[in-house]
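Q: What Swiss-Prot records for this protein is below:
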type     : residues : note
TOPO_DOM : 1-20     : topological domain 'Cytoplasmic'
MOD_RES  : MET1     : N-acetylmethionine
MOD_RES  : ALA2     : N-acetylalanine
TRANSMEM : 21-41    : transmembrane segment
TOPO_DOM : 42-54    : topological domain 'Vacuolar'
TRANSMEM : 55-75    : transmembrane segment
TOPO_DOM : 76-98    : topological domain 'Cytoplasmic'
TRANSMEM : 99-119   : transmembrane segment
TOPO_DOM : 120-141  : topological domain 'Vacuolar'
TRANSMEM : 142-162  : transmembrane segment
TOPO_DOM : 163-168  : topological domain 'Cytoplasmic'
TRANSMEM : 169-189  : transmembrane segment
TOPO_DOM : 190-215  : topological domain 'Vacuolar'
TRANSMEM : 216-236  : transmembrane segment
TOPO_DOM : 237-250  : topological domain 'Cytoplasmic'
Amino acid sequence: MAGVAFGSFDDSFSLASLRAYLAEFISTLLFVFAGVGSAIAYAKLTSDAALDTPGLVAIAVCHGFALFVAVAIGANISGGHVNPAVTFGLAVGGQITVITGVFYWIAQLLGSTAACFLLKYVTGGLAVPTHSVAAGLGSIEGVVMEIIITFALVYTVYATAADPKKGSLGTIAPLAIGLIVGANILAAGPFSGGSMNPARSFGPAVAAGDFSGHWVYWVGPLIGGGLAGLIYGNVFMGSSEHVPLASADF
């Protein structure tokens, strides 16, 4: 069984840990700048028209590509979490200590906030869009949607990046993570906004000064990420036994 490790402050303030926090800050800043920037660009190009299908696809693709890059550039330094829900899920599965995870959260939230204020500045003060549950849906539906799509994201992180049995699959981890996020935004964007990432929702909320319904984007992703970590960490990584399929079985 995987266990949660509290860790020590000495380890969390080592040079390697400080580098990891900086890497998380930079990766999250770049991801949020591109992701939120794509939503701002869409609003400008369409004169604030309602989101349509081409716009949803463009924003989903932008988030997927940006996360692919953000994870890849941080992978060898911090693991490329770029998301408090990913960090939480990995902590639940014993892949990162709680203390280090808290500092990851701080770096991620600061990176997202910095990205959104930079966007507000370079766009001449254009509105920074925030996540919200679609009209006609309740907060509970939004939470459930975020639980499901964040579970899919963190499960993908475990399968392609955290699992020691991943083998050559690890080389495509950033791509797989980017793809699942893009796909989930296509599926959930019109309903919950498709956040999967408390930091992605936090920065825009701070920059816009609008925290209405913001709790949905903490509760849903943290439950989904925690469940993925609990299940994958204990069921699929809890045993060292692994029998790969023979090549003839593919």
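Each residue, glycine too, has its Cβ placed from N, Cα and C.
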Q: Under 8 Å, at least three CB pairs between the transmembrane segment (169-189) and the transmembrane segment (55-75) (pairs 6 or more apart)?
A: yes
Q: Take the C-beta pairs under 8 A between the transmembrane segment (21-41) and each of 55-75, 99-119, 216-236. Which stretch has the highest count?
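A: Checked against 55-75, 99-119, 216-236; highest Cβ contact count belongs to 99-119.
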Q: Residues of the same chain, at least six outside the topological domain 'Cytoplasmic' (1-20), with any C-beta under 8 angstroms of its C-beta?
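A: Counting only partners 6 or more residues beyond its ends, the topological domain 'Cytoplasmic' (1-20) has Cβ contacts under 8 Å with 77-79, 91-100, 103-104, 229, 233-234, 237-238.
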Q: Could you tell me how many residues in the topological domain 'Cytoplasmic' (1-20) are helical, how many are strand and how many are coil under DSSP?
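A: Helix, strand, coil within the topological domain 'Cytoplasmic' (1-20): 10 helix, 0 strand, 10 coil.
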Q: Which bits of the chain, at least 6 residues beyond where the topological domain 'Cytoplasmic' (76-98) starts or stops, bring a Cβ under 8 A of a Cβ in it?
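A: The answer is 2-8, 11-12, 19-21, 23-24, 27-28, 31, 67, 70, 104-105, 108-109, 150, 153-154, 157-158, 161-162, 174, 196-200, 221-222, 224-226, 228-230, 232-234, 237.
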Q: DSSP-wise, what's the residue breakdown of the topological domain 'Vacuolar' (120-141) into helix, strand and coil?
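A: Across the topological domain 'Vacuolar' (120-141), the residues distribute as 6 helix, 0 strand, 16 coil.
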Q: For the topological domain 'Vacuolar' (120-141), find every same-chain residue at least 6 residues outside the stretch whose CB is under 8 Å from a CB in it, and list them.
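A: That would be 36, 39-40, 43-44, 190-193, 195, 200-201, 204-205, 207-208, 210, 212-217.
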